[in-house]
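Only one structure is covered here, and it is reproduced in the block below.
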There are 6 protein chains.
Amino acid sequence: MTLRADGRSAAQLRDITITRGWSTQAEGSALIEFGNTRVLCTASFTQGVPRWLKGEGTGWVTAEYAMLPRATNTRNSREAVKGKVSGRTHEISRLIGRSLRAVVDTKQLGENTIVLDCDVLQADGGTRTAAITGAYVALAEAIEWARGEKILKANAKVLTDSVAAISVGIIDGTPMLDLPYEEDVRAETDMNVVVTGSGDFVEVQGTAEGAPFKRDELDALLDLALIGTTELAQIQTETLKKSK
Amino acid sequence: MTLRADGRSAAQLRDITITRGWSTQAEGSALIEFGNTRVLCTASFTQGVPRWLKGEGTGWVTAEYAMLPRATNTRNSREAVKGKVSGRTHEISRLIGRSLRAVVDTKQLGENTIVLDCDVLQADGGTRTAAITGAYVALAEAIEWARGEKILKANAKVLTDSVAAISVGIIDGTPMLDLPYEEDVRAETDMNVVVTGSGDFVEVQGTAEGAPFKRDELDALLDLALIGTTELAQIQTETLKKSK
Amino acid sequence: MTLRADGRSAAQLRDITITRGWSTQAEGSALIEFGNTRVLCTASFTQGVPRWLKGEGTGWVTAEYAMLPRATNTRNSREAVKGKVSGRTHEISRLIGRSLRAVVDTKQLGENTIVLDCDVLQADGGTRTAAITGAYVALAEAIEWARGEKILKANAKVLTDSVAAISVGIIDGTPMLDLPYEEDVRAETDMNVVVTGSGDFVEVQGTAEGAPFKRDELDALLDLALIGTTELAQIQTETLKKSK
Amino acid sequence: MTLRADGRSAAQLRDITITRGWSTQAEGSALIEFGNTRVLCTASFTQGVPRWLKGEGTGWVTAEYAMLPRATNTRNSREAVKGKVSGRTHEISRLIGRSLRAVVDTKQLGENTIVLDCDVLQADGGTRTAAITGAYVALAEAIEWARGEKILKANAKVLTDSVAAISVGIIDGTPMLDLPYEEDVRAETDMNVVVTGSGDFVEVQGTAEGAPFKRDELDALLDLALIGTTELAQIQTETLKKSK
Amino acid sequence: MTLRADGRSAAQLRDITITRGWSTQAEGSALIEFGNTRVLCTASFTQGVPRWLKGEGTGWVTAEYAMLPRATNTRNSREAVKGKVSGRTHEISRLIGRSLRAVVDTKQLGENTIVLDCDVLQADGGTRTAAITGAYVALAEAIEWARGEKILKANAKVLTDSVAAISVGIIDGTPMLDLPYEEDVRAETDMNVVVTGSGDFVEVQGTAEGAPFKRDELDALLDLALIGTTELAQIQTETLKKSK
Amino acid sequence: MTLRADGRSAAQLRDITITRGWSTQAEGSALIEFGNTRVLCTASFTQGVPRWLKGEGTGWVTAEYAMLPRATNTRNSREAVKGKVSGRTHEISRLIGRSLRAVVDTKQLGENTIVLDCDVLQADGGTRTAAITGAYVALAEAIEWARGEKILKANAKVLTDSVAAISVGIIDGTPMLDLPYEEDVRAETDMNVVVTGSGDFVEVQGTAEGAPFKRDELDALLDLALIGTTELAQIQTETLKKSK
């Protein structure tokens, strides 16, 4: 019985592709695809930290998310032209930053800064979860680069774990994994879950889009999310094994 | 055994005070206090809806959150002077709006708009949860007002339920309810939970501030949150029974 | 013969209430009420001065005024959301700053900064004059605090005098004191007068709203204003005698 | 006994020059000089009014003031480049607009708009008073133009009076008229007075720069200001008699 | 004799790749590469025109250019975060718009709007010329799409010609074609030339970076540019022959 | 045969007037007129350079262009009020800066900064070319001033040449020099050419407004431009010979 327009079962991810080293300019980079959603993630590694952190002996990791104006089905005004970043963009940038910082030991990073840029080239639902998952690969590449450059010691254990994210939602009463745009708009409840490689939670953000949800629905969604993030963690590991 | 600096037990709320009708200008208003946190919530009811909603026969509810510059222990720059709203402010405004819309039947509201302004006069942790809880009272007052003015029919069932919110967190390994600022900064995991009067979830936002959290910790936090929101729902009901 | 809607005589102030120490966060604070007009004034005392004043041995006092969106009878857009401060807001902020600096000996203040925030919680005319009058109380409290903290010497004479302000206007040909909103919009001439405790002028701002005004009208308005500011100075003194 | 660096007596204006019709593009214009202060005033007459005034049968007069970056002795950043108009600029623009509206009968103007632009080409004190005085000439020219174009009826009495402005101040205890920059910075009290051709007040803005001022000082300054504005009114009348 | 670091001769283009139909969301799109420079060009076709063009019977074509923060060797701040578009970005957006409009017959386009977005994913010199060249392909695709959708008539001749652009410069006295970043910074004179498929000029922008240039140098640069644009026109034609 | 509305022949400039020393405040200044186009150019000389240039031993020259709101036939909104500088303004500011830097030896200037402000008081076509031509005179004056003040050595050869600019265009098939507004809007091709006193090119910016232009048309326009800039260079030289 096919429940979903794209033929997937409820607990199945879309086709996931991660192309590491996509950029020849950045210290780390990955082009990640969750089906038609495509996000270019770059990690910019610079020595030194913002002024307010100087002398603390710890590093800084931050993220910025954005969408190209025609990533979506109809064109959105460019935020730079409007002169301000939308609440949604801010919110997602902050989420990505927190998610990645959860697996970074900033003491081990030393007084260095990593900026993660996640630019959505094409959007079909799940852009923030793809961004987090891809940003982890770019981040890992940048740290590898810094070790190669002897900026970080060979044995610096900067990353304490991996991190990946997926969306889940209840559609027509059924919990489903990894929602494309057309499912996302129909979901009664929508949840983004960020999980470490070890299976612990970093962020759980559930929202009742239609009706408030019950405790057992919340439980079912969390179970489903963990299936997705486990699979994403494996893809991340395999990707990082390949040479750039 | 007293675990907490203010003498509360882990599952105990701070002193909660809701003064309805605080403003003589707004259609609905409430000054809400969670301990030292004080938020002034007003509901502005206007006939008509934004242009993009005209002719749909449905209403619109939105919210704006802000903090006075000296609500906190040290002064923050005024956002109006900086010329932009911070990511945090945007994010909380959006959260409040979604939370209140979850209990509004916009068809029953008709083509009317309610804007909820939540201005934090004094901040000591939990400002967003106090804002949601107080905004519900202001919203209910404004709907009552509109019925009195015959803008809404006497039997229009605009509110489908009540809604309240509370913060929970794990501090030194112990789940605790309703965190003041000094606990909030020490929490390993921090969660804001928005719950209807019937006990269903509207929003669940959990964040690992220190270490990622496990499934059983998540469950314990949700249990605690429901204790708090149940009590808040009772206080809201009692407050609304009093004459303005 | 009652001339005024609220039963006052032409030379009578509205009910004036000043609650000092309203904020538990700021070094100085006062909630001031001129009838239905309510302004929360806080004074933030910080050691050090802006860079351009460093090494001069003098302090800095500045002010910011703002109005909550629903302080007034209909909601105004939030200035932070519009991304700019209106001309009116700027103008009043500058007026408050100048008025308070007129009674501060910045040499005695030493290299310290005091920022006065005057946020109008509810507006019914005279918000700028209430703000100046309340800001003086917050300022005095903050200086008291700094003496207690030994940041200022016990004998530092920072305040050279007190300062208060009131509005006056000509309505239907009659000069009147302390105009609420409904009188303010009807006034032919409108004047805000800032006066020290000794009865000298700090600012005189008179504007012909309807017809230009004559010299004798100007004189009558100034006489009336001095009655009001003398009474306000007494209330300020009494308020500051009470313990916080 | 010469009191002043430029050889003037206390009650003497600087050399005043008004060149009407300076611009070949605007409906009305005047280049006004108060000594070294030079302000280009243009009046732009357009048919129609802003949307919020439509159908009221009344016109609209507004003003904008600005200073070229190198009008002053050292260069100021350009407000357009900084992306915001300063409080001072806003305040002066509002003052000019109010001053000119005081002598316009907007019913007689009909549904037409006049925008007065006052751009300071060179600044040496008194720019706002020169701007008001020059703007009146540009305004009168634009109204004359509109009569010539039959947009206004030949007998429309749009201007009810003329208006001019001058600064006065107390320097070393002596009241003085029309302060150049070097006097302005030394003044203990500074007052800008806007007066109609008939000698009535439109605006009185007095500020204690150093010490608060007494009632008799205020009186002396007003006397002096009226000497200046009477003379300016004569120069305006003569200028407008000349052909453009 | 190899003059250039990448082994090219002076009159040789870098490897040029145009992938049409790169986006599944936009009506037209092309990913264009000039060596390491990669620009994603999308064309958004919408029915209707901006208000100021309504009823004229003509269409509107406009362009926006931007660079991802980490397109370059070191990260640039995001313009949306800074809240304003730089002068350089504005200038290039305007250039792209003018260049494409030069080959569009807006009467044939009818009251339809095409927005070209050129986002530089990776930058290595020549981003504006790559953007123009790629935008033409996206534009042609969007017009093809509109014909398929019957929004444009089958015989509407919207495009009057093709258009392509290339940079040329004098390096160490030698005129060279298609400068990568490292040559661009060393060029004494730098020129961007926009040319139609028929070989006529649309834009010629030459700038003396080091020393002013002579007439014969200008001539040599124009000759070289035409070699480049002729080749680009052929590649565009071949690309558009392929199915999307 | 008179081709042009103002009676000029195709290769004839409008009346050119340069009044040097127009400002008593700036280190260098010139009011330049190309027919009805009037631009006030000031040069602000300050010791020191922006932080990013410190210690390099070289100076900095930059320019800002702006137009008064009523310089043109209908009023434009003030950029400071809109809160952003238009693309056109940015583009012209950058052009003026590049043009002047082309004749400045920044080593000879030492660590000093010159800011050129070009404010268009009245616009009738050719404002950017008048601005460049006038800015050169203001620049030369400021350098003269700095020599007089012994900030620059008497033999410092800061200016390597003079620089002037003119517009040319093809109207009804005929190349013409120095276009006023009414010709500018009718031009099929429009070119701005910046040329040194020695006759070498600094900038060539040609744009096809109507139809793309051919190589021989480009050549004819360049010939014409050189006639104009040669004459302007002579006027500049004569102006600078006069005492200020």
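Cβ coordinates come from backbone N, Cα and C, glycine included.
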Phosphate site partner of C:Gly126, C:Thr127, C:Arg128 (as recorded in TrEMBL), chosen from C:Arg75, C:Arg78, C:Arg88: C:Arg88
Which numbers of helix, strand and coil residues does DSSP report for the domain 'Exoribonuclease phosphorolytic' (C:12-142)? 42 helix, 43 strand, 46 coil
Rounded to a whole angstrom, what is the largest C-alpha distance between any two of the residues C:Arg88, C:Gly126, C:Thr127, C:Arg128 that the record assigns to phosphate? 14
For C:Arg88 (phosphate binding site), the same-chain residues 6+ apart in sequence with C-beta under 8 angstroms from its C-beta are none
Under 8 Å between C-beta atoms and at least six apart in sequence, can you list the same-chain neighbours of C:Arg128 (phosphate binding site), or say none if there are none? C:Tyr65, C:Ile92, C:Leu95, C:Ile96, C:Ala165, C:Ser167, C:Asn192
Cβ-centroid neighbourhood (8 Å) of the phosphate site, C:Arg88, C:Gly126, C:Thr127, C:Arg128 excluded: C:Tyr65, C:Ile92, C:Val120, C:Ala123, C:Gly125, C:Thr129, C:Ala130, C:Ala131
For the domain 'Exoribonuclease phosphorolytic' (C:12-142), mean pLDDT (0 to 100): 96
Quick one: DSSP breakdown of the domain 'Exoribonuclease phosphorolytic' (C:162-226) into helix, strand and coil? 16 helix, 30 strand, 19 coil
